[in-house]
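Marked as region 'Disordered' by TrEMBL: 40-78. Annotation comment: TrEMBL describes 46-56 as compositional bias 'Low complexity'. What TrEMBL records for 131-178 is domain 'Peptidoglycan binding-like'.
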Amino acid sequence: MTAADRPAGRRRRRAGLALAAVLALAAAVTAAVGLGGGGGTDDRTASAALPPATASVTRQTLVDSQDESGELSHGSTTAISTRLSGTVTAMAAVGATVTRGQTLFAIDNDPIVLFYGALPAYRALASGDEGADVLQFEKNLRALGYDGFTVDDEYTDATADAVKEWQEDLGLEETGKLALGRVVYATTPIRVDTQEAAVGAGVGGNSAIFKYTGTSRVVTVDLETGDQRIATKGAAVKVKLPNGKTVTGKISGTKTIVQAGEDADSESETKIEVTISLADQRALSGLDEASVTVSFTAGERKNVLTVPVSALLALAEGGYGVEVVEGSTSKVIAVKTGLFAGGRVEVSGAGLAEKMTVGMPS
């Protein structure tokens, strides 16, 4: 609930008043309307004391939604470097998609290729080696169509024979061994974002080659920490694109970030970075980077009674009520509040019904 949604004080001054003022006013109103210690009253108020304005009790679906600005992009970047030394002779183009088995770049005309996996390459592999990195490597060989070996965590002579076939297909020396740096692992196909080295450049000693992103476009939104309630992982959102189309997204992750101030005198700010995945990538055709509007839904209540937030009265005994107006008289009914949204609040209470008239401040 925002500051604008907070209920006003009792009668002419509502629940947003300071505590002392509310208590003093509650005592005066008790005398005026005959409130006892219970949650409501059937005592009627004369027409001279009727509220200055009224509103209707409605039955509706109440949605707590909030629009925020976001950025459409391919997401955060990851750097690729090489352990191999030599001259860069080929590079995947910026914007290109590289999949398993394809060349990322070449050094001295020998290709460095992409394999899928979460474990980075950290050693050379040869017959007799064992480990999770062997299993990951063999899974990729099998996925590329090479066989004659068992996919497990052991690098056997049969594995070496399959590696020789793979090396022959790549135009590499057929050693049956995997040199450190010959493959680069990523969990999915990648998109080349920026080139950090140029064809013809000399590299070595973990030189940066390029940065990449995922191939799918995502939306990121930086929320104020007070709005964290609207960003629940897995929740659906609506994303309005620059072309006017609206697509459905899903919150795939959130994290706390600290944004530096604009200058030395500015304080840093803590934000909640929300990442939103978009299933319909075809709807994003022609959009690589763009500003978008994201509609978050923090809560929804169907078929509930609602009144304007400003119709709530702070009761002296605690809780809230509404002043129901019937002709030239009125009475106060105690209510329980639920979801606040769009200037209205979900209410329930004995004797409260749809289409009743409730008092409002002027």
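Cβ coordinates come from backbone N, Cα and C, glycine included.
Note: TrEMBL annotation is automatic and uncurated.
Bear in mind that the values here come from a model prediction, so they are computed numbers and not experimental data.
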Revision key, fill the gap. The DSSP breakdown of the domain 'Peptidoglycan binding-like' (131-178) into helix, strand and coil residues is 26 helix, 2 strand, 20 coil
Exercise for review: Can you check how the pLDDT averages out over the domain 'Peptidoglycan binding-like' (131-178)?
Suggested key: 98
